[in-house]
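For reference, Swiss-Prot has these:
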- Gly19, Pro20, Thr21, Ala22, Ser23, Gly24, Lys25, Thr26: ATP binding site (BINDING)
- Thr21, Ala22, Ser23, Gly24, Lys25, Thr26: substrate binding site (BINDING)
- 44-47: region 'Interaction with substrate tRNA' (REGION)
- Thr110: site 'Interaction with substrate tRNA' (SITE)
- Arg132: site 'Interaction with substrate tRNA' (SITE)
- 168-172: region 'Interaction with substrate tRNA' (REGION)
- 255-260: region 'Interaction with substrate tRNA' (REGION)
Amino acid sequence: MSAVPHDSATHPPVVCLLGPTASGKTAAALALAADAPVEIISLDSALVYREMDIGTAKPTREELAAAPHHLIDIIDPADSYSAAQFVTDAERLIAQIRARGHVPLIVGGTMLYYKALTQGLNDLPQADAALRAELDQLAAERGWPALHAMLAEVDPVTAARLAPNDAQRIQRALEIHRLSGQPMSALLARQAEGRTFAGAADQRFRVIALEPSDRLALHARIAQRYDAMLANGFIEEVERLRRRGDLHPGLPSIRCVGYRQVWEYLDGDADFATMRERGIAATRQLCKRQLTWLRSTPERLVVDCLAPGYVDQVRRLADFGH
């Protein structure tokens, strides 16, 4: 799939407001909505799920009412949503928003979706439900670090960049190796060597990246936000999801940061303090991955998300008021 097409003669750049968790993306996006008839396209693999509001830090009703939002609450937690689906949806939405005379604004931190939209998708094997179930069962018996060790034997390059408990990525890398007989790292390297993205030359994005000047300060903000989620009913939200009876920790929805840790707590596998510590640590790890992806995006315009006037700087860079 190619990058989203764009006619630079008739349309300004698609502004993308990217940043790690807890970097203030929502506040900045709503400030931009005050400058222009903005419609926000969510770039967040967790916000797509219905019934998952607190642990995903979903925008409030008031925030959602301040500007049209898209790709939030679009699928059931029992279902999955892929980068390919995001590209299809985002391409359609960009065209529709522009046809209405409005301004598309892409906001979020799921960098895989951003890369797929702007650079195209790779041709790796499709997901195999039976194989994933087999790997989930193996992980339940032996633990994800054991599967990480298995991955290191067949694809050391990929294993070296994954944490031993990064279940979703370990599973995907093992799945690709089992289905193709080749390491995922080798497949991606070959595709990168020969890839030319149709539309990449004439597609213009203005990428504004919210990055912290002090990572420890962002870590403190992450801990405060996680504690606020717990105080606002996060555990009760996960309890409601468990009562449905059709959800389990192997699903992408329940693997979302925070949800897996609370699920384990409700299973009796951790006490409250351990659950809290693991949830905050997992969020920090997510933040680190997001920043790593962002810093590999040379076209980005960096804004210090901890600076008092960061919203005003975002507004100047987006240039919606002109």
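Backbone N, Cα and C define each Cβ position, glycine as well.
Since this is a predicted model, take the numbers as computed values, not measurements.
Look at Gly19 (ATP binding site): DSSP puts it in coil.
The most densely surrounded of the binding-site residues Thr21, Ser23, Thr26, judged by C-beta neighbours within 10 angstroms, is Ser23. The average pLDDT for the region 'Interaction with substrate tRNA' (168-172) in the predicted structure is 94. Set side by side, the recorded positions Lys25, Arg132 differ in how many other CB atoms lie within 10 angstroms of their CB, and the most is found at Lys25.
For the pair formed by Arg132 (site 'Interaction with substrate tRNA') and Gly24 (ATP binding site), distance between Cα atoms is given as 35 Å, rounded to the nearest Å. Look at Gly24 (ATP binding site): DSSP puts it in coil. With DSSP classes pooled into helix, strand and coil, the tally for the region 'Interaction with substrate tRNA' (255-260) is 2 helix, 0 strand, 4 coil. For Gly24 (ATP binding site), the Cβ neighbour count at a 10 Å cut-off comes to 20, with all displayed protein chains included.
Compute the center of the Cβ atoms of Thr21, Ala22, Ser23, Gly24, Lys25, Thr26, which mark the site for substrate; besides them, the chain residues with Cβ within 8 Å of that center are Gly19, Pro20, Ala27, Gly109, Leu210, Cys305. For the region 'Interaction with substrate tRNA' (44-47), DSSP puts the residue distribution at 0 helix, 0 strand, 4 coil. Cβ neighbour density within 10 Å is lowest for Thr110 among the recorded positions Gly19, Pro20, Ala22, Thr110.
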